[in-house]
Structures are given as structure tokens and as C-alpha cells.
Amino acid sequence: DLSLLRFISAELTRGYFLEHNEAKYTERRERVYTCMRIPRELEKLMFFGIFLCLDAFLYVFTLLPLRVFLAMFRFLTLPCYGLRDRRLLQPAQVCDILKGVILVICYFMMHYVDYSMMYHLIRGQSVIKLYIIYNMLEVADRLFSSFGQDILDALYWTATEPKERKRAHIGVIPHFFMAVLYVFLHAILIMVQATTLNVAFNSHNKSLLTIMMSNNFVEIKGSVFKKFEKNNLFQMSNSDIKERFTNYVLLLIVCLRNMEQFSWNPDHLWVLFPDVCMVIASEIAVDIVKHAFITKFNDITADVYSEYRASLAFDLVSSRQKNAYTDYSDSVSRRMGFIPLPLAVLLIRVVTSSIKVQGVLAYACVVLFYCGLISLKVLNSIVLLGKSCEYVKEAKMEEKLFNPVLTATPGKPVNKPQSKFKSAQGISTDENGSTSVTNQPVHQKENMPSLLVTSNSDQFLTTPDGEEKDISQDSSELKHRSSKKDLLEIDRFTICGNRID
């Protein structure tokens with residue numbers, strides 16, 4: 001018989017057993033554990049990545065001037081030794097001279113930009129207008145970072161590629177002017193960012209600083225509810241590393257400018273300290289929340305950050321080989337979208353305008369400071385190289401450092417799956433069927449045909465012989481397999497490359 005009393009009694013005494021759905025609740029518990037592990041694993045990756053960016057940034061101030069000096073010395077003393085080969089300078093020396101000349105030219109061009117006038121011009125704007133300007137500057141910085149390294153790579157390759165005619169060297173000139181224009185415009189863009197941040201620090205009610213910090217939390221809304229694969233999350237992680245390191249340099253510039261205005265009074269530094277800590281804490285909190293929910297919604301484990309760290313370590317170890325494919329600072333630029341040249345030009349401009357060097361003792365202090373920078377760079381490089389070797393060994397990626405690159409003749413399709421490739425002389429694949437992108441380069445003669453590197457995505461575009469399957473049935477499998485490429489096979493991880501399929 002149905003009655004209200006029996007219904008209430010059933011509701012009070014009704015029982016259930018969670019072990020009947022053990023798999024579901026175990027999975028939910030693992031998600032909670034994963035979210036709790038995210039801050040630790042993410043900060044370990046961020047800590048390692050920030051020191052990688054610091055190593056590339058210090059290289060511009062310490063070792064690059066010495067390398068430029070050695071290259072110029074070789075160029076000037078070349079007639080004394082005679083021309084033994086066709087190259088006047090090695091490709092690395094040519095790239096070093098180009099970087100040094102670009103830095104010097106852009107530094108003198110920055111003297112025509114008045115920082116004080118820019119500060120008062122920005123300070124006269126309303127808060128809402130400054131908020132819009134700051135968002136536009138962030139977008140512009142990402143676009144500049146995406147296209148800037150391509151411009152520099154085009155210049156380096158145009159200057160060092162083998163040329164049959166002397167007239168072909170003229171093509172370096174337009175590439176050089178394009179690179180100078182890019183570095184100058186990007187440096188001005190970062191200067192406007194630093195000036196806007198300085199205005200936010202010096203505002204009385206701190207309303208602009210609060211709005212700029214709240215803009216970081218808007219980033220969570222735009223990222224958390226999207227579908228992310230492992231490669232896309234790697235791109236975002238590299239972007240966050242670059243963004244955090246750039247913010248540290250911008251905060252350093254703001255502190256230098258403020259300390260100059262207050263005649264280097266140390267008491268004013270403690271006035272800026274709470275705001276600096278607030279900006280850094282908001283950045284860390286946003287990154288932790290964003291990555292925690294991205295991994296939760298996309299069923300990605302926290303161990304993936306150790307794979308990302310191993311990939312970054314692999315770039316460092318491979319660039320330290322005797323015959324590497326690229327300089328390490330350029331490798332960091334391609335991975336993270338961090339280009340140190342514009343930031344270095346701005347920092348040199350701010351330091352030279354804020355600190356006046358007069359007298360013998362001041363110049364001695366400058367020399368000692370430069371020696372300290374070199375010691376910091378060498379110590380940082382040694383520690384990073386040791387840690388990178390550990391990470392590469394833990395990920396069992398040592399064999400990829402020495403395997404030659406898998407090649408194929410241009411125009412000839414590959415008709416066999418990757419697992420059935422035959423090893424020829426100088427051609428091999430790793431155990432996963434993927435090719436290594438940072439191996440020892442082999443000196444080739446100029447009359448040899450060019451070879452193209454084939455990736456996993458190229459293999460999936462052709463149907464293997466002897467398999468008569470419907471293309472429509474394989475389309476879903478094709479898309480699934482092509483998305484699971486090795487992290488080392490993707491050449492660019494710029495901050496504008498976060499395209500979600």
C-alpha cells in the first residue's frame with residue numbers, strides 16, 4: 001500500500017553500494033589526484049623552461065659579442081693565412097656577425113624613441129582605453145613573435161646557403177633590412193607594453209593594474225573549454241613559459257625606470273615589491289588553474305609534463321653537439337616563440353639611459369658586472385646541460401641523438417608503411433617508426449641531389465600497396481593516427497600555433 005509514511009521511511013532507510021560502480025569512482029579519484037599533481041609538475045616544467053629562456057637571453061649579452069669579435073678577427077686576418085676553402089667565414093660566424101650588426105643598428109635606432117614622452121602620452125589616456133591598448137599589444141606581440149623568427153631564419157639561410165654566382169649575394173641585403181625593421185618594431189612594441197605596465201604601477205587607485213591582472217583570468221575562459229591534444233598542450237605550455245619570462249623582464253624594466261625617477265632610493269623598492277609579487281602570483285595562479293582543468297577535461301595525465309621537459313632537454317643536448325643543425329637560442333625561439341633580440345635591444349636601451357657611467361671606477365664596475373654575467377651564463381649552461389642529459393636518459397631518447405635522418409627521393413611516393421622500411425646505408429628509423437630531427441649532419445657535395453625529410457604525416461597521405469580498403473572507412477583512423485606524432489618531429493611551437501582541430 002502506498003502511503004506518505006512509507007515513502008518517507010524508504011527515503012530515510014534507502015541504501016546503496018558504491019562498489020557496484022568501482023571503475024567510475026576510481027577514475028574520478030584519479031582525476032582529483034591528477035589535478036593535485038598538476039601544480040608541482042607544471043612548475044617543474046616552467047622552472048626548467050624559464051632557465052632555458054634565461055640561457056638564450058644571457059647569450060646575447062655575454063658570448064655573442066665574443067663570438068662576433070672572433071669572427072671579425074678571422075675575417076680581418078684571413079689574407080695572412082690564405083684562402084684554403086671557398087668559404088670566407090663559417091656559417092655560424094656569419095650568423096653571429098649578422099646578429100651583432102642587427103643589435104648595434106637597432107640600439108642606435110632606439111635612441112630616436114623618447115621613453116618619457118611615450119610614458120606621459122600613455123598616462124594621459126583613460127583606463128578603459130589603456131586596457132584595450134594592452135590587449136592589442138599582447139595580440140601584436142604574438143603575431144610578431146610568430147613571424148619574426150621566420151624572418152631571421154630566412155636571413156641566416158640566405159647569407160649562408162651555397163651560391164653559384166657572386167650576384168646571388170645581393171639577395172642578403174633586402175633580407176637584412178627586413179630583419180632590422182622587424183627587430184626595431186618589435187622592440188618598440190615591447191617598450192609600449194613596459195610603459196603601459198609602468199603606468200599601471202604608478203596609478204593612484206591601482207585600477208589599471210587590477211584590470212590587467214583580471215585579464216589573465218579571462219584567458220582561462222578562452223582555453224579551458226576547448227579540446228586539447230598532447231601537441232596542443234605542449235604549444236600552450238611553451239607559450240606560458242615565454243610569457244612568464246617576458247613578464248619578468250618587463251617587471252625588471254619597470255623597476256629600473258621607477259628607481260631612476262626616485263634617485264635609486266632603496267625605500268621605493270619596497271613600495272613596488274607588493275605590486276610585483278601580486279602580478280607574479282596572479283600569473284602563476286592562472287597557469288595552474290588553466291592547466292589543471294585542461295588536463296581534467298581532456299583526460300591527460302600529469303606525466304605528460306615530464307615528456308615536455310624531456311623534449312626541451314633534447315633540444316638543448318642536440319644543439320651542444322659538435323656539428324649541430326642550429327644554434328640553441330634559435331631552437332628556443334622556434335619552440336617557445338621567444339626571440340631574445342628585441343627584448344635585449346630594449347633592455348640595453350633602458351639600462352644605458354637609466355645608469356650613467358662616469359669615471360674609471362664606474363667602468364671597472366661595468367667590466368666586473370660583465371664578467372659576472374659571463375660566469376652566470378656558463379654556470380647556468382653547465383647545470384642545464386647536466387639536467388637535460390638526465391631528462392633525456394630518463395625518457396630513453398639517447399638513441400635519437402645519433403640516428404641519421406630518414407630520407408626519400410623527391411617526387412617518389414612512399415608505398416610501404418613505416419614499420420617495414422628497410423635500413424640502407426646511412427638510413428635508419430627508431431623503434432617507433434619516427435625520424436629524428438636533430439642528428440649529426442653529414443657533409444654533402446654540392447653536386448649531390450637534395451634530399452627531403454619525410455615525416456609521419458607524409459606517410460599517412462598515401463595508401464600502402466596491397467591494401468584495398470575503403471578510403472571513407474580509413475578517414476577517421478587517418479586523422480587519429482596523424483595527430484599522434486612524436487613531439488620532436490614538430491619543428492615549430494610558436495604561440496600563434498595553437499590551432500585546435
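Using N, Cα and C of the backbone, Cβ positions are placed for all residues, glycine too.
Model, not experiment: these values are computed from the prediction.
Checked against TrEMBL, the range among 266-283, 338-355 recorded as transmembrane segment is 338-355. Of the Cβ pairs linking the transmembrane segment (361-386) with the transmembrane segment (45-70) and spaced 6 or more residues apart, 3 or more are under 8 Å, so the two regions touch.
Sequence-distant contacts of the transmembrane segment (90-113) (same chain, at least 6 residues past either end, Cβ-Cβ under 8 Å): 60, 64-65, 67-68, 70-72, 74, 155-156, 159-160, 176, 179-180, 183-184, 187-188, 191, 327, 341-342, 344-346, 348-349. Sequence-remote contacts of a segment are chain residues at least 6 beyond its ends whose Cβ falls under 8 Å from one of its Cβ atoms, and for the transmembrane segment (45-70) they are 93, 96-97, 99-100, 103, 237-238, 240-242, 244-245, 248-249, 287, 305-306, 308-309, 312-313, 316, 328-329, 332-333, 336, 338, 340-341, 343-344, 348, 370, 373-374, 376-377, 380-381, 383-384, 387.
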